[in-house]
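> Can you keep this structure in mind? I'll have questions shortly.
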Amino acid sequence: MDRIRHICRGNDTGQGRISPWLWVPTLYFAEGIPYFIVNVISVIMFKKLGMGNGDIAMYTGLLYLPWVIKPLWSPFVDIIRTKRWWVVTMQAVMTVAFAVAAFSLPDPAAISDPVPVSLFSVTLVIFWITAFASATHDIAADGFYMLALDHGEQSFFVGIRSTFYRLSSVFGQGVLVVVAGLLEMKLGNIPLAWTVTLLVCAVLFGAITFYHIFFLPRPASDVHVVAGDGFPGSGQNVQPYNDSGKEFSAADRAREIVREFGQTFVTFFRKKKVWLAIVFMLLYRLPEAFLVKMLNPFLLDPVEKGGLGLATETVGIVYGTVGVIALTLGGIVGGMAASRWGLKKSMWPMALSLALPCLVFLYLAAAQPSNLWVINFCVAFDQFGYGFGFTAYMLYMMYFSEGEFKTSHYSLCTAFMAMSMMLPGMVAGYLQEWLGYVGFFWMVAVCCLATIGVTLLVKVDPEYGKSHPERRRQAE
């Protein structure tokens, strides 16, 4: 209890130190909201505004790109200004972007179905800017968390940050979509409803930005320096001085970044069985990568077009609330299972739980049930399985990243993780338009073989991931 009281009131030795309770929850809530708006809510919004499934998947899939190439510019977040500056500035940029996006939405009522993507050019450009700002905010927020907290506080608040990121998922995919749906009914004007919804996002982010201007601490360690472990900002071996004991100049820093950047890539691609690992990272989630872009359009499309004909607010409850809760529970159970069995024994149950639940959408497309209990159960079943199976994917990335440049190599693994969702997602809509929903979900079912195939190929240490409480007690 003393430790908890100490953390709540801040460090007694740091005069005027701002308690982490005042900024960690809001920081990670703010980290999640733009990601879900750009990658999930945009799909629903463009669908309701009349864009075709092929264009929706292609152009919203491209919005993943900033997270794919994030490692390429993450070093410069450390060199140019402080992490705090980047956090507040990116939040301000996203506030403006949401407001501008709200007034950029076209009114395609008089346009034939599907609405040409050219009408959404301005909105897509703004969402592209938002995506880059959000990815940059992720880099800065995670780095700021490590600089502003000591090791004990980092461990204590890791569950808090995860909880508020998950809450942002429910808020973004659930609450905001329900609000948009209710506004659609009340106003009778779909573009206006989504304009108001985006303005709500802008006001929310503006309030968070204003709050963080005053309540984000200014840690003394938050300076732009060159780090020695892979990418700057990794939190290890910080080197503000060169070998001669002189402070790095701008040219020194630039050269050090290039050297570290190159070294990280070279050592990553020299790792044993690196290409097998990349294939695993790209294909393990292939069924879900195709499915995720077409799930909301399938729920929204009318029955005569092969969908389920759900209202917008119902989709916010089914996928954005029930689905997200099931996904979270699956991840929690997956973590417990992995700590008990280890990655090797968990791999097969998790691979099957990720792949096979996709079959429920084949049933939904064929039967087109109207019973919401059935639809909720099917979505929850799929999302729980995905959450459980995704645990093995995350553990494998950590396992493969082990070594001297662990932090930097894991960052590269997350780039392949984002790519694994981006590339299949971009073509998913065109495949659905060609095959229809039943044919598309049959194709997704066949893609389950890719998950099983790459799981057969990878080899891991039988003890990796297991929890060993007796070893911890001995170490203590």
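Cβ atoms are placed via backbone N, Cα and C, with glycine included.
From TrEMBL, here are the annotated features:
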- 21-44: transmembrane segment (TRANSMEM)
- 56-73: transmembrane segment (TRANSMEM)
- 85-105: transmembrane segment (TRANSMEM)
- 117-136: transmembrane segment (TRANSMEM)
- 164-183: transmembrane segment (TRANSMEM)
- 189-214: transmembrane segment (TRANSMEM)
- 315-335: transmembrane segment (TRANSMEM)
- 347-366: transmembrane segment (TRANSMEM)
- 372-396: transmembrane segment (TRANSMEM)
- 408-431: transmembrane segment (TRANSMEM)
- 437-458: transmembrane segment (TRANSMEM)
> For the transmembrane segment (85-105), which partner among 21-44, 164-183, 189-214, 347-366 gives the most CB pairs under 8 Å?
189-214
> Restricting to the same chain and to residues at least six past its boundaries, which positions have a Cβ under 8 Å from a Cβ of the transmembrane segment (56-73)?
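Those are 38-39, 42-43, 46-47, 117, 120, 124, 127-128, 131-132, 134-136, 138-139, 231, 293-294, 297, 408, 411-412, 414-415, 418-419, 421-423, 425-430, 432, in sequence order.
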> For the transmembrane segment (347-366) and the transmembrane segment (437-458), does the number of C-beta pairs under 8 Å, pairs 6 or more apart in sequence, reach 3 or more?
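Judged by the Cβ rule, the two regions touch, with the required three close pairs present.
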> If we call contact 3 or more Cβ pairs under 8 Å (sequence gap 6 or more), are the transmembrane segment (21-44) and the transmembrane segment (189-214) touching?
yes
> Would you mind listing the long-range same-chain contacts of the transmembrane segment (408-431), meaning Cβ under 8 Å and 6+ residues beyond its ends?
52-58, 60-62, 64-65, 67-71, 74, 229-231, 234, 264-265, 267-268, 271, 278, 281-286, 288-294, 297, 393, 397-398, 400-401, 440, 443
> Residues of the same chain, at least six outside the transmembrane segment (372-396), with any C-beta under 8 angstroms of its C-beta?
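Long-range Cβ neighbours of the transmembrane segment (372-396): 277, 280-281, 284-285, 288, 291, 295, 299, 308, 310, 314, 318-319, 322-335, 337-338, 343, 346-347, 349-358, 360-361, 363-364, 417, 458, 460, 464-465.
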> Do the transmembrane segment (189-214) and the transmembrane segment (315-335) share at least 3 Cβ pairs closer than 8 Å, excluding pairs fewer than 6 residues apart in sequence?
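The transmembrane segment (315-335) and the transmembrane segment (189-214): touching, no.
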> Hey, which of 117-136, 315-335, 437-458 has the most Cβ-Cβ pairs under 8 Å against the transmembrane segment (164-183)?
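Going through each listed stretch, the top one turns out to be 315-335.
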> How about long-range neighbours of the transmembrane segment (117-136): same chain, 6 or more residues beyond its ends, C-beta under 8 Å?
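Residues 31, 34-35, 37-38, 42, 46, 49, 51-52, 55, 59, 62-67, 70, 73, 77, 86, 90, 93-94, 97-98, 100-101, 104-106, 108, 111 contact the transmembrane segment (117-136) from elsewhere in the chain.
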